[in-house]
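Visitor: My questions all concern the structure below.
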Amino acid sequence: MPLTPEQEAEIEDLRATPRQTLRAVSEGAEKHLYKAHPVLDHGFVRMIDYMGDDAAICQAARVSYGRGTKSVQNDEGLIRYLMRHWHSTPFEMCELKLHVKLPVFVARQWIRHRTANVNEYSARYSILDREFYIPRAEDLAAQSAQNNQGRGDVLGPEESARVLDWLREDAHRAYDHYEQMISDDGQQGLARELARMNLPANIYTQWYWKVDLHNLFHFLRLRADSHAQYEIRVYADAICEMVRDWVPAAYRAFEEYRLGGVTLSASGVECLRRMLAGEEVTQATSGMSAREWREFSDIVRK
Ligand SMILES: Cc1cc2nc3c(=O)[nH]c(=O)nc-3n(C[C@H](O)[C@H](O)[C@H](O)COP(=O)(O)OP(=O)(O)OC[C@H]3O[C@@H](n4cnc5c(N)ncnc54)[C@H](O)[C@@H]3O)c2cc1C
């Protein structure tokens, strides 16, 4: 179960007592506030708080040159201009605070994004729950033959059943020993900060994660991308849904210029120009390495 009954009750309580405010309110974000969106088998992501909306991005941007500029027609146009030209600081005026429950091995990837504020569940202070990420059989795949950092074909039924058995068995055996080590029944009981060290990386942890919109977009561009590991991508996808509702114009610009856009090298631009002029460009005549050419071809040839 992703949420404890206490957490469910707290969410009900918070949503039942709205308050008036003079601050900018995003109707789209309000509908997400406090609610948990399930991710993986026991995880979730929920919006705890937000600051700002699309208008806050424009308000901050306009201080640069004063109101009434002729060059920018409307807020959406301004936001698209800012995104297109990498004017990042106006996006930093918006902030999002999330409560996330995630497996430890996913948390290790996530924490690499240093431009956020984090507070994590303390396994020195509290006892971890017996909750482990066990993938669905269809998510168990072999090592990719092309990409050293990825998955290839889905495992056959016999092999995936064997893997799932081991994952469950190992996790529960480790947790049994964890419980026995911390127990003070007839013994001193090992400190929690030490007993946790035998727990596997698929055990769940939780944290509060606060980040500004510019750095959140950077996180989402990397982690909602097809090259990101599935287990973090599903969290990024859930956050994308929230951000789409919170700051719709900024999200549309992000989809257009970052998620759906590409960056070309100088050689790539040159090759593209030659191709548009009718030249048959090959890897040998492109001036690119085989890998770079493959990536370039993936972009320009559907
Ligand atoms: C598909 C994929 C595969 C990866 N594989 C590996 C891997 O094999 N091994 C591995 O170790 N990591 C790996 N990473 C992690 C990756 O290298 C980054 O650490 C991670 O994506 C965080 O990115 P970031 O540093 O840009 O983000 P943030 O930490 O949020 O930083 C945002 C930006 O702020 C600036 N910044 C922040 N802190 C500093 C600083 N201290 N000094 C200078 N500039 C700073 C940088 O411009 C940075 O781009 C992988 C990431 C992805 C998406």
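The backbone N, Cα and C atoms fix where each Cβ goes, glycine too.
Note that TrEMBL annotation is computational and uncurated.
The FAD binding site annotation in TrEMBL covers Thr89, Arg112, His113, Arg114, Glu120, Asp212, Leu213, His214, His218. Here TrEMBL flags Gln109, Trp110, Ile111, Arg112, Glu120, Tyr121, Ser122, Ala123, Arg124, Arg196, Arg223 as dUMP binding site. Marked as active site, involved in ionization of N3 of dUMP, leading to its activation by TrEMBL: Arg223.
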Visitor: Quick test of your reading of the structure: among the binding-site residues Ile111, His113, Ser122, Arg124, Leu213, whose CB sits under 6 A from ligand 1?
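Guide: Near the molecule: His113.
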Visitor: Where does Glu120 (FAD binding site) sit in the DSSP three-state scheme?
Guide: strand
Visitor: Would you mind reading off the Cα separation of Ile111 (dUMP binding site) from Glu120 (FAD binding site), to the nearest angstrom?
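Guide: Spelling it out, the Cα of Ile111 (dUMP binding site) and the Cα of Glu120 (FAD binding site) are 11 Å apart.
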Visitor: Based on Cα distances to His113 (FAD binding site), point out the closest of the binding-site residues Ser122, Arg124, Arg223.
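Guide: Closest by Cα: Arg223.
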Visitor: Got a sec? Which of these binding-site residues, Thr89, Gln109, Ser122, has the most Cβ atoms within 10 Å?
Guide: Gln109
Visitor: How big is the Cα-to-Cα gap, in Å, between Ser122 (dUMP binding site) and His218 (FAD binding site)?
Guide: 28
Visitor: Do me a favour and check the Cα-Cα span between Thr89 (FAD binding site) and Arg124 (dUMP binding site); whole Å is fine.
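Guide: Approximately 38 Å lies between the Cα of Thr89 (FAD binding site) and that of Arg124 (dUMP binding site).
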Visitor: What Cα-Cα separation, expressed in whole Å, is found between Glu120 (FAD binding site) and Gln109 (dUMP binding site)?
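Guide: Cα-Cα, rounded: 15 Å.
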Visitor: Between the Cα atoms of His218 (FAD binding site) and Arg124 (dUMP binding site), what distance do you get, rounded to the nearest Å?
Guide: 32
Visitor: State, in Å as a whole number, the widest CA to CA span among the FAD-binding residues Thr89, Arg112, His113, Arg114, Glu120, Asp212, Leu213, His214, His218 given in the record.
Guide: 27
Visitor: Whole-number Å only: compute the distance from the Cα of Leu213 (FAD binding site) to the Cα of Arg124 (dUMP binding site).
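Guide: Cα-Cα, rounded: 32 Å.
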